[in-house]
Amino acid sequence: MKTSRPVAGTLAVAGYIIMIVPILFVVATAFSAGSTLKFPPDGLSLRWFGEALSYDPFLESLVTSLQLAVASTAIALLLGVPATIAIHRGRLPGKNIVESLFLSPLIVPELVVGLALFQQLVITYNLENASVLLIGHTALLLPYAVRVTGASLANADPSLEEAARGLGASPLRTFVTVTLPILRPGLFSAALLGFVTSFNNVPLSLLLQSRDARTLPVTMLDYVQQSYDPMVAATSTLILGATVVIAIIAERTLGFAKIFGGINR
Amino acid sequence: MTAAAEFVEVSQKFGDFTAVDAIDLSIPQGKLTTLLGPSGCGKTTSLRMLAGYSAPTAGRILIDGVDSTKLPPEKRGLGMVFQSYALFPHMTVADNVGYGLKLRGITGPARRARITESLEMVGLAHLAASRPRKLSGGQQQRVALARAIAIRPKLLLLDEPLSNLDARLRVQMRSEIRRIQSETGLTVVLVTHDQDEALEMSDEMVLMRAGKIMQQGAPSNVFGSPTNRFVAEFLGYENFITMTDGSLHTVRPEHLEVAPAGRPVIDGGLSLPGTVTDVAYRGVDVLVTVQSTDPSGLNVTLVSDLRADTAPPVTVGDRVTVSAHQTRLVPIAA
């Protein structure tokens, strides 16, 4: 941080403190030996981590959350990437409308989407909650898939694909050897953002839950309402740890600037 | 002279806008042809149609005598250098140059040899392992050239290749491109809006305006004998004079003498009286603007470009005689 910008520097430090300090309290509480969620903790132990890792509802819902996050991210990318390419490279009539449509889940409140899906798909068409949850999460992630990969494409020179064609590459070959590599940083960041967004989502998951389709955050929320022991803090700490590990791997392999900037040059 | 490529009544319309209007054009084999004109004249659109990136709305395009109007770019075998260079950012310089070779089934040592040969031609063999973004603009331009010539194209197409370079490099690249053209014997089509570039580089020059070809020929022919007012103005003729018979003639500013009263004027040519309205000193030369009346009685503003060291001392308001040799008067269509 450059000392030549004292106001911005101070604000940044304040921001970090506001974001990080509450998390540190949660982490500290997770190592408590006592049985209530309070700070400072009553002694130190790993007891609640053991409890969290052997608490079946958490484990089952973790599997559900992971499956849901992976599947909805994959489907959102499969739908979103061709749409992005059509929007940025094709001669699509009304491409602005198409793009707005794909971005609309970002604006419509998730509770409204959740309620609409519940009313229409679960009640009227009697679809399984798990499928509806997948549909809801996919819709939620589509804007990320379209926007983030779109940023990579928008930054890239459209002449690149023309150059490949001119040098003798078929449209398919051009897509594989030029367009996809250009998109790669965008795809990574869209996948990462999508995964995290789905994994952390509460409103949609809450409205569309059922006994066999309950995500980890919803289960945790449920648990906190009934009991007030440090197991939830331990679970949060484990999730935090996993996130940090993923972030470090992403940083080591690609670099954050590349992932979140979608930068190609 | 055989044609490497030919346009037969080719048009390109974008909605109501006609970018190229039924042009007939012949690109001579083994020569450097420039498409020259102001922006929006249809020169880039013509080049893109030749490359296959945009389909004509009417007419035919022949490459090597074969109707190629409907061929996609990958089947045309032409080498294109884009204004933005369009180097693949995720590949090394060598892989950029070798991209088209792999697609032609040239692999292994043969591919490496051809990459080296192409890079040597532009003087960048030592940068084969670099990434394009590490290179300067001039170097990227050379890599783009090497990539296009590596595939031994039927034609080398250059879209404003020098416009993103600084002035010194631009002049240097002009002779560089000429050298590559003569070494390879390639047919080159170059699009530019810079008349100096076109005059210096071309064997054949095609001047375009509003989707039409205004004049085509060797640079010295076009420059010395523009056939219409647009071409004349574009090439720096500033004086347009209507004779008593109604014919229009043009004279370059450097061929117009200005003489104050009592000084000799050029005999047997054009000679008009007038008043100096502006004198602009520019170091080597001085521009003198004179308000005058041409033989047909029209008021005209004449500009004379005189060598500063031999120019007569005139100031604004002076009565002068403006004159030019008969041979310097170029008759043009209105």
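Each residue, glycine too, has its Cβ placed from N, Cα and C.
Note that the structure is a prediction, hence the values are computed from the model and not measured.
Feature annotations, courtesy of TrEMBL:
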type	residues	note
TRANSMEM	A:7-31	transmembrane segment
DOMAIN	A:62-250	domain 'ABC transmembrane type-1'
TRANSMEM	A:66-88	transmembrane segment
TRANSMEM	A:100-118	transmembrane segment
TRANSMEM	A:130-154	transmembrane segment
TRANSMEM	A:175-196	transmembrane segment
TRANSMEM	A:231-250	transmembrane segment
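Using a Cβ-Cβ cut-off under 8 Å and counting only residues 6 or more beyond its ends in the same chain, the transmembrane segment (A:66-88) has close neighbours at 95, 98-99, 102, 133-134, 137-138, 140-142, 144-146, 149-150, 153-154, 179, 183, 187, 190-191, 194-196, 198-199, 205, 215.
Remote same-chain residues near the transmembrane segment (A:231-250) are listed as 23, 26-27, 29-30, 32, 37, 48-49, 51-53, 55, 58, 188, 192, 196, 216, 220, 223-224, 256, 259 (criterion: CB distance under 8 Å, separation of at least six residues from the stretch ends). The list of residues near the transmembrane segment (A:7-31) in space but at least 6 beyond its ends in sequence, with Cβ under 8 angstroms from a Cβ of it, reads 1, 37-41, 44-46, 48-49, 230, 233-234, 236-237, 240. Distant neighbours of the transmembrane segment (A:130-154): 68-69, 71-73, 75-77, 79-81, 83-85, 87-89, 99, 102-106, 110, 113-114, 117-118, 121-122, 179, 182-187, 189-190, 193-194, 197-198, 201, 204-205, 208-210, 212-213, 215, 262, 264; these residues of the same chain sit at least 6 beyond its ends, with a Cβ under 8 Å from one of its Cβ atoms. Long-range contacts of the transmembrane segment (A:100-118) within the same chain, counting only residues at least 6 positions beyond its ends with a Cβ under 8 Å from a Cβ of the stretch, are 80, 83, 87, 132, 135-136, 139-140, 142-143, 146-147, 201, 203-204, 206-208.
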